[in-house]
């Protein structure tokens, strides 16, 4: 018997062929007949393997844009914070190596912000490519619906939701506390009794020291300025031609011996007094011991989900119950929101072919930002006790989920009609009109003859 025409590996059971002469089952792409008892089982197994291959292929297409989007967003967010940390480190005169430790502890926080956006962008781009290159049409012609095409993407959303649950619920509280501990060490590090020429130094306790020049050992000072602000509001300003800074033998006291000094005392009540000294010694306590940072858990954002639940049941908790409930529900809502994103990204991606690609990305950014800030606003109201978090947080989530589900189901019920086609067309017309108006309003820049 001649070989039959080839058919796709993922052909469903409805497309099995029988030979006209024998009525026996024939496998796709083979010439010989198979027995009626074992052929359907073998074809079912082949079809299942083919569908699994399609699922794997779809996931492999999602991974590169997901990784690139996540890396770009994460690096951009962390670099922006590192630039601000450089200013803090420079002002405190601390080594720049501590910036790396703080940046590493910021990664979980910014990963939580970048993960939903990167996941949505990757789904959007893959759906747009499958639609543009007619891969989706080929899959549907073999009996696989858009819902079946979306199943591995929704499964990936489930996996990322579990990752987000662990990230928001347990990893971020520890990394946030570690970042604050390092920042406290940097900003509250004890003064090492050194002065940099031409720089105002704040050794703490209301003192400010300045010197134009110093000797090689760093103890001899010239053109010295010392300002002290006391707890009662009084200020003492001292200037001197020369000075010598030294520590006591037990390293518990710092002495600054000034020569040809002038001191101005201002109590804020009486007239300031001016006193001149041939030799004046200023003494203040000195220690190299670093102040210990507080324990984790001062705020609700430093508590894990388990600890938040325990604090809600603790009658002696110092954190308001409204703040605890708002933080608890906010983390849960943000985690499960990843499950809904495929139902919005796929319809938008299918409608945003090459012509409407940037309109789709811009609209997606607006939708995600609006949803993000709605959750933030709801969490703030719930933390103040004005609204129940089940209404201010789960309410927007339910509305968002229903809207995305309706858009997703429309793809199957109205074949060939995409929900965002008309919107993208109108956006394109508006942008073209604005661009044309701007070109007409621009002056003619041609050089005069």
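Every residue gets a Cβ built from N, Cα and C, even glycine.
Nobody curates TrEMBL annotations by hand; they come from automatic prediction.
Here TrEMBL gives transmembrane segment for one range in the set 332-350, 427-445: that range is 332-350.
Per TrEMBL, the listed range annotated as transmembrane segment is 110-131 (candidates: 22-43, 88-109, 110-131). In this chain, the transmembrane segment (391-411) lies out of contact with the transmembrane segment (110-131); the count of Cβ pairs under 8 Å, excluding pairs fewer than 6 apart in sequence, is fewer than 3. Below 8 angstroms of C-beta separation, residues 112, 115-116, 119-120, 123-128, 130-131, 136, 146, 150, 153-154, 156-158, 160-161, 164-165, 168-169, 305, 360, 363-364, 367, 371, 375, 393-394, 397, 400-401, 403-405, 407-408, 410-411, 418-420 of the same chain, each at least six residues beyond the ends of the transmembrane segment (332-350), sit close to that stretch.
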